[in-house]
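**Q** Among the features that TrEMBL reports, [4Fe-4S] cluster binding site is placed at 75, 79, 82. Taken from TrEMBL, the feature S-adenosyl-L-methionine binding site applies to 81, 188. If you look up TrEMBL, you'll see 300, 322 marked as (3R)-3-methyl-D-ornithine binding site. Summarising the annotation, TrEMBL assigns domain 'Radical SAM core' to 61-293.
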Ligand code: SF4
């Protein structure tokens, strides 16, 4: 598949109609639509698919309350788009959190109504399987109600190498210790050329998928992600989707697909390319049309902004991801969008949908169908601003943040 596919023989309207009716489209057709379909028609087709998939609850859009816990920024992998990591020899910039600190953050999450922990950090040269076993077991022992939705294939590859065990053993052990599902981190761009350009020390895209497939086979589901805007072509974006769709045909283990946009500050790519909001919305729509085997398409508005997040609900997204109690990774690269629970609820309502707080596995915890019963947020906000910044790295004004 190339960028120079034949424009003349392609009937955009006919393919859009087929896709909107639920027929599977080819990668070549997806590329044509992504590049050439009128934006409103693309969004309308994707929304038709979403409404049919959620018939009966199509008026609802979901969000989750979670906390990112960044356990270390020390990392040997040195991805060029990353503004978060510190090389192991950079003692001034590098930090790690101890277990007590992590447990305190979990306690705050529970207190604030959070249901999910996203354990996220660098590839620390000393952290093998044992490190994650110890931490996940300790979190589950104290907070069995918290879902640990964390890590991804890159961390599994790294910890297995450090502990000199197979990825099967690594996955099995951390799952038994308490990991519930993988967050799909590290997918970045899966095709070889753009992946090598931005993350030359990461495992290949094929290997990333192989590890996810192994996890799905062992009963550990995941989400899938995509980093847009680091210089990849349109064809490479569609190839990324194809690679995920092919694995999903075999495993069914990807719960969601979450594209997000590259943030340009404080990293080695120096912002030389970025995805536009229109490209992002087109991606949300094409993901809904092309990835017919993935149930949830998530709008990510930490990186694109609230208006784009709101628009994504009209381009095929059914979920706006999380109100995060803490986030330090994409924020370090310049993502400046902040929000709180009331604002997310309001934003979803203004998009013409009924907001619902969900679990990690997308069950509705509370449907906000009556504004008179909306949660009062002041306690949450004041609690966060007085306690959550201790030991934090990037946000002296830390409030509830919103992201994927
Ligand atoms: S993206 Fe992750 S693996 Fe890559 S340098 Fe940053 S912390 Fe390390």
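Backbone N, Cα and C atoms are what each Cβ position is placed from, and that goes for glycine too.
TrEMBL does not curate its annotations; it predicts them automatically.
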**Q** Please state whether DSSP places residue 322 ((3R)-3-methyl-D-ornithine binding site) in a helix, a strand or coil.
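**A** In the DSSP reduction, residue 322 ((3R)-3-methyl-D-ornithine binding site) maps to strand.
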**Q** Once 75, 79, 82 are set aside, which residues in the chain still have Cβ within 8 Å of the Cβ centroid of the [4Fe-4S] cluster site?
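**A** Other same-chain residues near the [4Fe-4S] cluster site: 77, 78, 81, 84, 85, 122, 123, 199.
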**Q** When the Cα-Cα distance from residue 75 ([4Fe-4S] cluster binding site) is computed for each of the binding-site residues 81, 188, 300, 322, which gives the smallest value?
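**A** Nearest candidate: 81.
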**Q** Measuring Cα to Cα, tell me the gap between residue 82 ([4Fe-4S] cluster binding site) and residue 300 ((3R)-3-methyl-D-ornithine binding site) in whole angstrom.
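**A** Roughly 18 Å, rounded to the nearest whole number.
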**Q** Consider only the binding-site residues 79, 81, 188, 322: which of them have a Cβ under 6 Å from an atom of ligand 1? Write none if no residue does.
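**A** Checking each Cβ against ligand 1, the ones under 6 Å are 79.
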**Q** Of the binding-site residues 79, 300, 322, which one has its Cα closest to the Cα of residue 188 (S-adenosyl-L-methionine binding site)?
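**A** Checking each of 79, 300, 322 against residue 188 (S-adenosyl-L-methionine binding site), the shortest Cα distance is to 79.
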**Q** Go through 82, 300, the listed binding-site residues, and name the one with the sparsest Cβ surroundings, counting other Cβ atoms within 10 Å.
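**A** Lowest Cβ count within 10 Å among the binding-site residues (82, 300) is 82.
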**Q** Can you check which residue among the binding-site residues 75, 79, 81, 188, 322 has the largest number of Cβ atoms within 10 Å of its own?
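**A** Within the set of binding-site residues, the most crowded position is 322.
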